[in-house]
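Enquirer: If you scroll down you'll find the structure; I have some questions about it.
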């Protein structure tokens, strides 16, 4: 046994301070990184929703498989302290690699804001996530157990309070990180071009993991370090294997039956171990629902976050980012645990109801399923507000009259007439193979046919300013803007090109009677300046946009007033998100209630039914997400 100089504070080993701070920083690091992950895959790497979700959950699964490896290393080889230090180094390297993978300028060789080799970013991020999964999973079964090792016999009360403080540190780290890192993500940064600041958002968790490691090592001289005692899980597996093999060898009727099938291991293993394994096998059936529950629970970080990107994040005076909604779970956990213990369970007991552990866990599963019913209802309402985009052979066309006269445009089967400076109320949908004749006309002028090869599956805008003057623009926006941002493009009605600077972004050389590409901005009013040699110095050339909301798109037409000065006309291309993110709160409330009832109850049940020696072998390891200590 490696011993340290005993030091205490208020009856507690001083060493636990370092362990609690270590856990707070590590959980901040893990949850801060994980909160960003689904949007990083979707918006930076460019994967679709399904692939992003699949990779996200594969990573989470690895994080909860590697604790088995960590337990083996700690129990059979290095011991808890050296395992935590070694794998924390791996963990920190993984977080740093993840931050580096998100640097846009790393492969943006032509400085246009888009990486030239996305495969480099993908490879680095996969390496980083693999190292993180090994690190966070490897230390998971060790940290809480190492904290428990610091207490002496007779300090059970202090040990129990330590686990309560440990639990608080986990939730505090989770709560703060899921608030702070999304705020860092929406900042703009970059060397050659600016975009969402993933390097900063991933870099802060990397820094916190380094702090976690340093703090843990600082307490080294104070720790009680127990030598490896041999892996319990390996003993369990070998004992069960020997019992099965021995029973098969003595299957003849001449051998007397034994009370339990595990009793066939008595020839090789001691009675205490066999009794402990019997306890484990008796409660194993309780753990069958675990994968189903946590598969549902972890949808918060993937599908529910993606759902939030299609919603309005303005809740009162607060503007919420989609990945910040996960903080609701951490906040509710801190509130619900004492309420359930101090109010709900005592009331149930006073009603004379026998609310057993199995019944609690059944209720937890039911509440989790109800959370997804609530999520489905919200999604149905969101789907009602989403615009219809072209699919298959379809093509969509909107007509925008930027001229000074009324214009008519005839399509196969329909004709639209537009006053000056107006547009069709919505996009018209056609089969691209049937869109064979389009004609533009106005009073007293002959019709002019439109010649253009419309691209199937895309939206187009037909700009018209005279019977024989038109331009077809492919919008390049076939879905709602991501991240809840807003798309803005400019149309130039001047005779020469102009530039526009809007909120730090530049629209370069918007040619005469043409439209720029969309650029994207967060919510709020944006100021912009139009730079053109046609604008007199006496004219005002700076404007302020209407207040942008979430998920909208607009066309800003720069026109000329009678005095020659520029004017602004705004047209809506995609309506903003109207379903508020606050409507996700009921589903978060239900899933959190389910977690409290299901997870905490399972942990208590495991402690009451399984000896402490074997607890690390069960799915309710107190440092595992499958318990309540994550």
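Note that Cβ sites are derived from N, Cα and C of the backbone, with glycine treated the same way.
Pulled these from TrEMBL:
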TRANSMEM  28-48  transmembrane segment
TRANSMEM  54-74  transmembrane segment
TRANSMEM  81-100  transmembrane segment
TRANSMEM  120-139  transmembrane segment
TRANSMEM  160-180  transmembrane segment
TRANSMEM  200-219  transmembrane segment
TRANSMEM  279-297  transmembrane segment
TRANSMEM  328-349  transmembrane segment
TRANSMEM  361-380  transmembrane segment
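Let's see these features in context: how buried, what's close, how far.
Expert: Listed by sequence, the residues of this chain that lie at least six past the ends of the transmembrane segment (28-48) yet keep a Cβ under 8 A from its Cβ atoms are 55-56, 59-60, 91, 95, 98, 102, 104, 118, 121-122, 125, 132, 136, 173-174, 176-178, 180-182, 185, 196, 198, 201-202, 204-206, 208-209, 212, 301-302, 305-306, 309, 322-324, 326, 482-483.
Long-range contacts of the transmembrane segment (120-139) within the same chain, counting only residues at least 6 positions beyond its ends with a Cβ under 8 Å from a Cβ of the stretch, are 26, 30, 33, 40, 44-45, 59, 62-67, 69-70, 73, 83-84, 87-102, 106-107.
Residues 12, 16, 19-21, 23-32, 35, 144, 147-148, 151, 204-205, 208, 323-324, 326-327, 330-331, 333-334, 622, 628-630 of the same chain lie 6 or more positions beyond the ends of the transmembrane segment (160-180) yet place their CB under 8 Å from a CB of it.
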